[in-house]
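The domain 'Dihydroneopterin aldolase MtpD C-terminal' annotation in TrEMBL covers A:3-108. The annotation substrate binding site is assigned in TrEMBL to A:Glu11, A:Met106.
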Number of protein chains: 4
Amino acid sequence: MATDAQQACFEAGIKFGSLYHQFAGTPVSPSSTRSLEAAMAEAIENQPFCESVSVAIHDDRVADAIDHENGYTELTGSLMDVEMRIAYEGVTVRTRMTMRDGYPLMELVGVDDEADGTPGSGTTN
Amino acid sequence: MATDAQQACFEAGIKFGSLYHQFAGTPVSPSSTRSLEAAMAEAIENQPFCESVSVAIHDDRVADAIDHENGYTELTGSLMDVEMRIAYEGVTVRTRMTMRDGYPLMELVGVDDEADGTPGSGTTN
Amino acid sequence: MATDAQQACFEAGIKFGSLYHQFAGTPVSPSSTRSLEAAMAEAIENQPFCESVSVAIHDDRVADAIDHENGYTELTGSLMDVEMRIAYEGVTVRTRMTMRDGYPLMELVGVDDEADGTPGSGTTN
Amino acid sequence: MATDAQQACFEAGIKFGSLYHQFAGTPVSPSSTRSLEAAMAEAIENQPFCESVSVAIHDDRVADAIDHENGYTELTGSLMDVEMRIAYEGVTVRTRMTMRDGYPLMELVGVDDEADGTPGSGTTN
């Protein structure tokens, strides 16, 4: 059977894939970044075991991506940073999406299992 | 060639299809309806010729659609009302989505062509 | 009231917005273009008044858009051409999406109203 | 640091969330199920570490979900079964989505870590 930590990581991945593929492609401009950030975070926080989501869409990157004539672009991973915390049966998983070599990478930041009795064990920072 | 009024109706349809298929499936609960409404409206208002969008997600319908164990549901047309106003070359198109016989229907409410010299001509109400 | 031709154009727009925002963001590589084209066309042909949809995803553009390490990219308007024919109450609307000045543009190609008694009237080609 | 098995489970979750939120809401009828199944599987198989995806959309459930007048419905989790196999650094993760108490549940079926030297260890069946 899968361990609680493995299950927690599976749940964390589900949230990341959901967030990305639900909202990628959304029309966005510097005037609509705040409402989109809030909606993305609150939508995914509805999902089971999801403790917190923070989404930061960078206005300057959005502005740079806009073709003059249209005044907006479509949301992609390169325009935002995302952090999430998932909690499952005493295991807390922290994840983030950031740019790495020009490519938006979803990654596990830390897996903390209370049952280990070692606070912070299993984390990368 | 298509008339300005036909072009305006085409643009109105694009916005409606975009809004629906971008956001349908988003996890939603009564605690996240306001941020989702705002994000949907502001996102689609970015698109060309789109003057205004209003989205009303009904908290009571969301609550009714929620399976107890999970605490959220997925956004569908039956949970919301949408109104939009599109303006293209002097033609204003008003559209809405509402429930009709249990099915969410996108419909043209009015097509006002300033060039007609008849304010309000071509509208249904 | 909206004319049949205006209503037909509205319906055509809905299909285009639906197709774009349902499928934009889908992971795609040269080995999966054919199945995605077929699914997109058949899915949208389900919608009311939609007579035919053809989707051509350009393998060479997909290959060019791929970052070596990953082997796939995400579907955007710049990778494909789309043509649709909508029929509503005797009015046939032809639409397409193609690249124009580096930007994917959805446009009305022709609006043929049988009631006009002028086959082909109202079309651009 | 996360273990390879945890990382593999995270990757498995990403694929599941991606598949679901990319394709939920797609118009579907019994005549378009095969093309949609193929496109979904091939699209997600493009993603890193994803060895195989199988999607079975049940024609009878689709038919039951269709409102007579329209002839199609929108894809939801209740209409399909999905199985995936993810491979990451010697760890193979098997996952599936099936109906459980009327709700589509994504679940880990097995986590096989070659490094354990116990073929099949860590699996539920």
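Backbone N, Cα and C atoms are what each Cβ position is placed from, and that goes for glycine too.
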| remark: Note: in the chain of A:Glu11 (substrate binding site), residues six or more apart in sequence with C-beta under 8 angstroms of its C-beta are A:Pro48, A:Phe49, A:Cys50, A:Ile86, A:Tyr88, A:Val93
| Local confidence of the domain 'Dihydroneopterin aldolase MtpD C-terminal' (A:3-108) - pLDDT mean | 95
| query | Around A:Met106 (substrate binding site), how many other CB atoms lie within 10 A of its CB? | reply | 22
